[in-house]
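In TrEMBL this protein carries:
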type	residues	note
TRANSMEM	B:7-24	transmembrane segment
TRANSMEM	B:30-49	transmembrane segment
TRANSMEM	B:61-80	transmembrane segment
TRANSMEM	B:86-103	transmembrane segment
TRANSMEM	B:110-127	transmembrane segment
TRANSMEM	B:159-178	transmembrane segment
TRANSMEM	B:211-231	transmembrane segment
TRANSMEM	B:291-312	transmembrane segment
Amino acid sequence: MKNLLKFKSSNIMLVAVLALIILVSGCAAGGEKDKQNVSGEESYKIGAVIDISGNSSSLGVPERDTLQMLVENLNAGGGINGHPVELTILDNKSDETEAVLAAKTLIEQDVLAVLGCASSGPSMAMINTLQKEKVPMISMAAASSIVEPVEERHWVFKTAQSDIVTVSNIISYLKENGLTKVAFLYMNNAYGDGGKKAFLTAARENNVEVVVEEKFEASDKDMTAQLTRVKSSPAQATVVWAIPPSASILTKNYRDLGIAALLIHSHGVGNQKFIDLAQGAADGVILPIGKLTVVEQIPDDDPQKKVLQSYIDDYTKKYNMLPDSFGGYAWDAFHLVVKAIEKAGPDRGAIRDELENTREFVGVSGVFNMSPRDHNGLDKESMVMVRIENGKWKLLD
Amino acid sequence: MWGKNKKYFWLAAALGFLAIPLIVKSNYIISTLIVIGLYAILVQGLGILMGYAGQVSFGHAAFFGLGAYAVAILTTHYSWPTIPALGAAVLLPGMVAAVIGRPTLKLQELYLALATLGFGILVHIAFTEGGEMTGGPSGLSGIPYLSVGGLVFDSDVKFFYLVWILLFLLLAGMNNLVRSRVGRALRAISESEYAAENAGIDTVGLKLQSFVFSALLAGLAGGLYAFYITFISPSPFSFHASVQFVLMAVVGGLGTLTGPLLGAALVVALGEVLRWAVPLVIPGAGGEYQIIFFGLILVILMVLQPGGLGALGKLLGTPAKRLPGKGADTRLLESQGG
């Protein structure tokens with residue numbers, strides 16, 4: 001009897017759970033439809049698919065926070081030409097399949113454009129789905145392959161500086177300082193891989209000899225083995241493509257081994273976390289970075305100065321902390337699409353054309369000049385070289 | 001009475017299911033169902049291995065990935081037509097399973113789980129380190145749509161029919177398989193290998209066959225996945241995915257035919273519902289809250305229904321295909337003629 005009761009109640013519970021799920025998903029679909037009917041003519045819908053949880057959440061969270069702040073401010077100021085903006089932000093859990101499903105959800109909701117993702121893999125995964133449905137997409141990830149080859153990426157744009165932009169800053173620095181022999185170390189993931197391809201190509205073209213090439217895993221806790229090879233090589237400088245924490249560990253190991261060669265990092269270490277984790281070892285590191293980090297040191301006549309300062313002010317006021325360059329990518333993506341809708345109205349094709357015609361748009365990550373041949377639109381000037389001194393970013397001339 | 005009508009009931013249910021795209025016009029729901037179908041194909045194979053042959057594999061994401069990469073590499077680098085590429089996606093994991101299965105399946109229980117885990121990690125490293133061939137950590141894009149003759153599977157609805165018709169055919173075939181002598185022998189192995197061996201069952205051979213069979217299905221699912229998403233990188237084929245597949249099989253119910261399908265449906269649907277529902281309950285909550293809710297619901301479910309969702313079949317009047325107890329064991333073994 002007891003068993004029988006138990007069996008029954010558990011099954012009833014199970015049915016209840018399933019019924020709840022079905023009910024909830026039914027409501028989800030119904031709810032959205034209602035919204036469309038009530039305000040269908042009034043509000044403009046924009047979607048975002050962001051890595052809020054999972055491996056890339058440190059990139060995605062500031063992007064989500066920036067977008068939430070921007071849409072609140074925009075609507076408080078009357079929206080786009082009087083139409084309020086309805087922004088739906090979905091989490092892709094840093095997963096490619098989830099990103100595709102999220103993109104489809106947004107297409108169902110008739111969004112005018114999709115922003116995202118924060119990282120390269122999920123961004124790549126969404127491209128086909130969005131292109132097939134002719135929905136403009138603005139990615140905030142690094143890999144150049146997101147917008148190239150551009151003839152196959154008709155509907156895709158991106159705001160983060162491509163690896164090539166970062167690399168050309170580093171190569172210029174090497175040439176100006178007469179450094180011709182370098183060691184190249186990179187993290188074994190999509191970010192490091194993109195940097196490696198771009199750097200090795202640029203090095204060949206500029207007669208910079210790569211004497212050591214080593215990689216490490218994002219989860220590695222010690223890079224002494226790779227660095228020992230650097231120490232015994234004739235390298236005059238070491239270029240590293242990584243993000244914290246592994247970038248910080250490498251920097252500590254580098255100082256412990258007393259390697260004399262100059263240490264140059266990529267923009268992947270462009271946040272306070274890198275300096276904090278490296279515990280003093282970061283001093284002397286040189287890197288190219290977006291101007292956001294050194295805003296008070298850039299000259300007042302820099303076209304970006306005002307934009308950067310206002311982003312910092314808004315963000316600090318709302319969240320009580322400084323924004324980082326990842327949030328900046330979201331700032332750019334949001335404003336690019338809002339500006340395009342302002343001109344084109346609620347028409348996906350016209351919005352795409354407007355995005356492609358973006359000229360001299362002053363954003364956080366640089367001054368954007370899109371064209372049918374360039375869907376990133378940023379040049380070398382969007383970054384500056386800095387040196388870390390006493391745990392602070394110091395602009396180099 | 002029910003016994004005779006059962007076949008028609010399931011046929012009607014399947015046909016009813018296939019009518020969904022006629023009524024539901026949402027691409028999102030159709031694509032969620034496609035993902036469920038793809039995982040279900042894989043988990044059906046894993047279900048045979050775990051529920052019937054009693055072997056646990058934490059390496060099935062690797063077979064899934066081998067299928068996906070076979071399609072991606074053959075179509076993008078070597079311009080193979082899509083159907084032979086899909087064939088290779090099925091055969092390659094099967095062959096790999098046959099090679100590694102011999103030594104691995106001599107191991108038992110936890111040791112086998114560990115061996116498959118190691119294999120999964122190795123394959124994942126190979127995907128990441130494959131250079132130009134696999135696209136390295138950045139992955140491969142530009143995979144064409146699957147086409148059969150003049151029929152191109154370029155829409156969600158077409159793909160939905162492809163995946164679910166394949167899945168229903170698979171279910172019908174497996175329904176016959178588990179009732180056959182082979183199926184009974186497999187269940188005997190899952191209860192006691194020694195007893196089964198004494199009964200004259202070729203335990204190693206059968207375990208190997210079910211391992212290869214499950215790898216073939218994982219490869220099929222992987223190949224279809226590549227044709228559906230048209231971009232792949234190593235991350236969907238990591239250890240984490242293997243764990244998720246085992247989870248689907250267990251939540252669905254081991255040793256039942258509908259279990260794997262229900263498990264895949266529950267895990268995918270729950271993830272999607274939570275993505276929408278959690279921000280309503282906790283505004284501004286990130287994905288981390290979803291994972292907590294996800295875990296909680298699964299724990300509650302397993303406590304209430306340890307047999308998994310497949311045991312729900314009882315409510316519909318079809319007894320779950322589960323062994324009642326030791327008494328039935330001996331009868332089974334006797335029927336093997338051992």
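Placement of Cβ uses the backbone N, Cα and C atoms for every residue, glycine included.
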Review point. So what's near the transmembrane segment (B:211-231) in sequence-distant terms, Cβ-Cβ under 8 Å and 6+ beyond its ends?
Key: 34, 38-39, 41-42, 44-46, 48-49, 53, 55, 57, 60, 63-72, 82, 85-86, 88-94, 96-98, 101, 104-105, 139-146, 153, 159, 162-163, 166, 170, 237
Review point. When you check the transmembrane segment (B:159-178) against the transmembrane segment (B:61-80), do you get at least 3 Cβ pairs under 8 Å, counting only pairs 6 or more apart in sequence?
Key: no
Study note, to complete from the structure: Per the Cβ filter (under 8 Å) with a sequence gap of at least 6 from its ends, the transmembrane segment (B:86-103) is approached by 63-64, 66-68, 70-71, 74, 80, 119, 146, 207-208, 211-216, 218-220, 222-224, 226-227
Practice item. Six or more residues out from either end of the transmembrane segment (B:61-80), which same-chain residues have a Cβ under 8 Å from its Cβ atoms? Key: 42, 86, 88-90, 92-93, 96-97, 119-120, 122-124, 127, 133-135, 140, 142-144, 214-215, 218-223, 225-227, 232, 234, 236-242, 245
